[in-house]
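Have a look at the structure below before the remarks.
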Amino acid sequence: MIGSVTRAFDFRLKGLGLSREVVGRYRWQMGWAVAMAVTDGIMANAPVMALKSMAAEPWKLGVNLALSSVGMFASLWIGWLMARRRKKPFVVVPGLIYAVCVGMMTLTDQSLVFLSLLGVAMVFELMTRPAVTAIVRECYPAEVRSTLMGRIRAVTSVVFVGSVFGSAWVLDVVTKNGGDVLGAIDVLLWVGVGMVVLSLLMFWKIGVPRDGRGEREVVRDEGEGVTPWRTIGRDKRLHRYLLGCMMFGFGGLLYVSWVPKVLTGHLGMGYLMAAMFLHVLPACVQCVVVAPMGAWLDKVNVWKGWSCIRLLWGMDAVLLGVAILLPGDGGVALGLVVMARMLRGSAMGGSYVLWWQTGIHQFASPGADTSRYMSLQTAMNGVLRLVAPLVGMLMVAHGSLRWALAGGAGVIMLSVVHAMYEARREGIRPELANTASYEKSFEEKAEAVRTAG
């Protein structure tokens, strides 16, 4: 385990047999991800900023997630638009608009406007996801793709922790000394803007093969004849994958917006302690776990990977739900929260790698379908981000936090059962053993066609 973590910081990628070009792409992507992690750490404290410095009511905490769904709906169109075009502009242009939105957050001290701008910023950040997924597939060999993405996630976890902890510490000190907290928030947000711009400059330097105008074509692409509806209709495996992701995503989004309220309200934590349990502890665990988990995900069927990840994530909701039934000033409740956050951290890195970067590679054929399939998954996530937080808001407004936590835990556990069933069903097919065998099956079919011709 320690060796795997150490290897995550080996930027020369020793022992993987990769070319100089691949290593160069990895380093630029690492730089992009590290710079973005600084901004992500600052933005992760935005809900607590709104709660403690702008007196936000708990129900408002779901606004940013609901608004961010717009970006995911837009990705359905963008995924088709970019399928056979250069991918990098579809990351850089939305990224610049994201930076502008973060800068605009400094212009208000109204919690609803502040959280709404956060949601709009997320719209444009999420629009980049299909392009990133396609670039990752084109830039790295299937045998080590999740390994490399896991290593990047391990490094960015360390940076994210430092950014979350540092920004929370600044706000805690300013608050305790009676300083200008809103002014400190503005300074932190402008630091985030600068890091976004720096990250985009590094992303532009990634040398994407064939200039990103369409990934290597192993099967003939139907071009303009392909539509989202035809794609969904012809691929039953994709049906099942989207269903599983929908259950998992709905359950997670049902409760995640109200975890800050559990910590600051039920347990009475301040900025620093809330940041510790919301972000720092899970990210520290993620840093240790994600590199070896990424290497494991390269070797297994995607359903097997998801069944493990979803079980760990679901236990976070279960244990938090038990914790709020106990006295907030007791050691047992705090112990359950520690355990919940550690389990969440164990799942976070693998979930990110599969959901956003490599999971869809076991369903889309190599080629232009990568961004199309990813746009379908992202658009589905948009529906979840719109509906699940609203359902959670109704649960909290007309019931209690317990309803949201219990509902989230139940739906996630249902997705675990579904993933286990699908893993068993696909286990008898050798071409579905992992991403490398799946992509190799297309190459073998293409070679057979060429030979027959």
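Every residue gets a Cβ built from N, Cα and C, even glycine.
Just so you know, TrEMBL annotations never went through curation; they're auto-generated.
Here TrEMBL flags 30-51 (among others) as transmembrane segment.
Summarising the annotation, TrEMBL assigns transmembrane segment to 63-83 (among others).
The feature transmembrane segment is assigned by TrEMBL to 90-107 (among others).
Residues or ranges marked as transmembrane segment by TrEMBL: 113-132 (among others).
Taken from TrEMBL, the feature transmembrane segment covers 152-171 (among others). Within its own chain, the transmembrane segment (152-171) is flanked in space by residues 5, 8-9, 26, 29-30, 33-34, 36-42, 44-45, 48-49, 53, 181, 184-185, 188, 271-272, 274-276, 278-280, 283-284, 286-288, 290-291, 294, 349, 352-353, which lie at least six positions past its ends and keep a Cβ under 8 Å from the stretch.
Residues or ranges marked as transmembrane segment by TrEMBL: 183-204 (among others).
The transmembrane segment annotation in TrEMBL covers 241-259 (among others). Proximity of distant same-chain residues to the transmembrane segment (241-259), defined by a Cβ-Cβ separation under 8 Å and at least 6 residues beyond the stretch ends, is recorded for 47, 58, 61-62, 65, 232, 278, 302-303, 306, 310, 313-314, 317, 320, 355, 359-360, 363, 376-377, 380-381, 383-385, 387-389, 391-392, 395-396, 401, 404-405, 407-415, 418-419, 422.
Remote same-chain residues near the transmembrane segment (271-296) are listed as 1, 4-5, 7-8, 41, 44-45, 48, 52, 146-151, 153-154, 157-158, 160-161, 164-165, 167-169, 171-172, 175, 259-260, 263-264, 305, 337-338, 341-342, 344-346, 348-350, 352-353 (criterion: CB distance under 8 Å, separation of at least six residues from the stretch ends). Annotation comment: TrEMBL describes 271-296 (among others) as transmembrane segment.
With a threshold of 8 Å between CB atoms, the same-chain residues lying at least 6 positions outside the transmembrane segment (403-421) that come near it are 243-244, 247-248, 250-256, 258, 262, 303-304, 306-307, 310-311, 313-314, 317-318, 320-321, 324, 391-392, 395-396. Marked as transmembrane segment by TrEMBL: 403-421 (among others).
When each of 30-51, 90-107, 113-132, 183-204 is scored by its Cβ pairs under 8 Å to the transmembrane segment (63-83), the top-ranked stretch turns out to be 113-132. Counting Cβ pairs under 8 Å to the transmembrane segment (113-132), the top-ranked stretch among 30-51, 90-107, 183-204 is 90-107. With a threshold of 8 Å between CB atoms, the same-chain residues lying at least 6 positions outside the transmembrane segment (183-204) that come near it are 28-29, 31-36, 38-39, 42-43, 45, 49, 53, 88, 91-92, 95-96, 98-99, 102-103, 105-106, 167, 170-171, 174.
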